[in-house]
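Student: Pasting in a structure now, in structure tokens, and then I'll have a few things to ask.
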Amino acid sequence: MAVATSVATPVPTPAYSAGRAPAKEKKIYLPDTLAEWPWPRAINPHYAEAKEESQAWAASFNAFSPKAQHAFNRCDFNLLASLAYPLATKHGCRSGCDLMNLFFVIDEYSDIAPVEEVRQQKDIVMDALRNPHKPRPEGEWVGGEVARQFWALTITNASAQSQKHFIETFDEYLDSVVQQAEDRSESRIRDIQSYIDVRRNTIGAKPSFALLELDMDLPDEVLAHPTIQSLSLATIDMLCLGNDIVSYNLEQARGDASHNIITIVMNELNLDVNGAMRWVGDFHKQLEKQFFEAFNNLPKWGNAELDAQIAVYCDGLGNWVRANDQWSFESERYFGARGLEIMETKTLAMMPIQRTEALGPQLVDDSIL
């Protein structure tokens, strides 16, 4: 489900001019981005069963140390999938869980790997996805087998169109992961617009949206329609902003916040952390308007079945925004055991920098680096 880069999301005019704060800022105030978002929390009824299966499956690869695997499990990426695909079948829910686990295996390994190694990881994963029934070479990086098994199970009950869209967009996602590694190796901090252009792919939203259409047959021209494109792009950008807002504190503590909109805005507009948070909150409001302008004017194709599928698909995009936000606070990924409290107060303490080169998520101050 490729989203054309010709559909532009305007970057808002700077509204804040406060100078950069001292390096050790006491409190971070999160913007309440979804205060008026109409999609309520919904969860797939197969969550518990799919989580048990997918968590055991992910652990079976021994991709992380036991300590890191424990922290990984506390992130509960299966919850994210079950919130994101509340209407999916048991098979669809399991595929969603497996995909989220695959994403984070790729993320954790690529975050600490040199650029050339990340390129090799990309080639391994794409070869596995394109050849899901071909055994992986002995001694190969574990991500190849994780990807192969995920896709071999998923395609047993997936339409040809959804498979096509997934492969295309996962390739784009991995290209952006390589680009992120290049930026990191060069200590490059992008400007706002070029960062957004890259972040739209590193978030992994496009292949995630392909799982919304596993039981649909959406033609390419439907997904390429300007209104659907605008809707998809607004959704992706809201997911990017939402994720960067909640992950910033941990990323800056890890010394790896260069690929985060908060850092980008602070650097370009000379704002402190909370000035950047407010700026991003205002940007999010613009994206909400873009989303609803498209959502309330969906095209009709004169085919009742296709129109119904489009309606369900687009409703799924709106739900994805809520799902990502809920998971961010309900899991222990970003806020440890204090997620629900922080969801209410929107306030947290700035963590001190605690760099780690260890592979996999690490427990620090009851949160997960």
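Yeah, the Cβs are placed from backbone N, Cα and C, and that goes for glycine too.
According to Swiss-Prot, the record shows the following:
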- Phe104: site 'Plays a critical role in the stabilization of intermediate cation' (SITE)
- 107-111: motif 'D(D/E)XX(D/E) motif' (MOTIF)
- Asp107: Mg(2+) 1 binding site (BINDING)
- Asp107: Mg(2+) 2 binding site (BINDING)
- 243-251: motif 'NSE motif' (MOTIF)
Student: In the same chain, which residue numbers or ranges, 6 or more beyond the ends of the motif 'NSE motif' (243-251), come under 8 angstroms Cβ to Cβ?
Tutor: 28, 30-31, 33, 199, 203, 257, 259-263, 273, 277, 280, 324, 328-329, 334-335, 348, 350-351, 367-369
Student: For Phe104 (site 'Plays a critical role in the stabilization of intermediate cation'), write down the residues of its own chain that are at least 6 apart in sequence and whose Cβ falls under 8 Å from its Cβ; none is a fine answer.
Tutor: Phe72, Cys75, Phe77
Student: Who sits close to the residue listed as 'Mg(2+) 1 binding site': which same-chain residues at least 6 apart have their Cβ under 8 Å from its Cβ?
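Tutor: Looking at Cβ-Cβ distances below 8 Å from the residue listed as 'Mg(2+) 1 binding site', excluding near sequence neighbours, one finds Val177.
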Student: As a test of reading the model: what is the averaged pLDDT for the motif 'D(D/E)XX(D/E) motif' (107-111)?
Tutor: 92
Student: What is the three-state DSSP composition of the motif 'NSE motif' (243-251), stated as helix, strand and coil residue counts?
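Tutor: Helix/strand/coil tally for the motif 'NSE motif' (243-251): 9 helix, 0 strand, 0 coil.
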Student: What does DSSP assign Phe104 (site 'Plays a critical role in the stabilization of intermediate cation'), in three states?
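Tutor: Reduced to three states, the DSSP call for Phe104 (site 'Plays a critical role in the stabilization of intermediate cation') is helix.
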